[in-house]
């Protein structure tokens with residue numbers, strides 16, 4: 001990696017979606033709250049930990065609203081902005097929605113970072129929003145100890161095409177749109193063990209918009225969609241399992257993985273979030289003998305701007321794979337299936 005004048009990753013205690021509060025801790029925090037009102041127009045709220053809130057405004061239209069922000073996962077300021085914006089917009093796509101506009105969320109140590117650097121972060125976000133065809137229509141800024149950037153993303157979806165994370169059916173096949181290993185690569189970057197070509201692969205996957213989402217939403221054979229982010233593949237798949245009342249089988253050898261991820265794992269490179277994720281939900285995951293260590297690391301690896309996870313009928317698999325390929329996702333893979341059983345995951 002070329003030397004940066006200021007290493008953004010050294011200004012924060014965590015980076016990317018690895019900054020998320022661990023699932024078990026978050027549950028304890030929320031348990032102490034009274035809960036929100038739930039109007040009938042609120043089609044999706046917090047019930048199944050879905051990707052975005054959805055509020056119906058008429059028979060054909062519902063608003064999709066979401067927000068994501070985090071601390072730097074890379075040192076290049078423009079790349080940081082691009083990754084954060086791509087990650088935020090992804091939740092709209094995951095619900096089957098089309099993005100409309102965004103608001104910027106900016107927290108920066110203005111006495112530490114040059115204003116030009118902060119401007120480059122914001123420019124990266126603008127670049128991605130332009131690629132998505134939406135404006136950044138406003139936002140909010142604060143002077144903070146660590147660099148923080150993200151978006152509020154607003155979209156629109158036809159309620160009939162809305163895809164939740166709780167609609168999977170027994171017999172469905174599971175399809176993952178992007179490679180895993182982003183958190184592992186970020187750990188390697190912090191240790192100065194990520195070569196330029198590996199960095200480019202990491203940025204390429206984390207800045208690719210999940211544009212298949214709205215098209216997938218129109219397919220009757222697609223029953224559930226979510227995106228894989230900070231809780232790792234296992235965490236987000238468990239949300240699908242619990243919401244749908246089903247059990248998933250994941251074929252470990254079929255998981256698409258960034259080229260150096262397994263090598264880095266064997267060298268002990270991983271994020272702290274991986275361990276926190278396992279502590280939060282590991283009891284819901286059964287890993288076959290001989291796979292325990294390395295599979296656990298990959299399954300819990302926090303993905304920043306990860307791929308769409310699709311649960312669809314076997315008859316729809318070919319169409320879904322073709323759609324991903326048409327949108328430029330060459331690593332899309334069938335990784336498992338859903339079946340009747342106690343909600344959880346078996347890794348074989």
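Backbone N, Cα and C atoms are what each Cβ position is placed from, and that goes for glycine too.
These numbers come from a predicted model, not from an experiment.
Swiss-Prot lists 91, 227 as binding Mg(2+), and of 51, 127, 192, 198 the one it places in that same site is 51. Straight-line distance linking the Cα atoms of residue 141 (ATP binding site) and residue 91 (Mg(2+) binding site), rounded to a whole number, equals 22 Å.
In sequence order, 50, 52, 66, 90, 92, 93, 94, 95, 226, 229 are the residues of the same chain, not among 51, 91, 227, whose CB sits within 8 A of the CB centroid for the Mg(2+) site. When the binding-site residues 49, 68, 139 are compared by Cα distance to residue 91 (Mg(2+) binding site), the shortest distance belongs to 68. Spacing of residue 68 (ATP binding site) relative to residue 51 (Mg(2+) binding site) is 10 Å (Cα to Cα, whole number). Of the listed binding-site residues, namely 49, 141, the sparsest CB environment within 10 A is found at 141.
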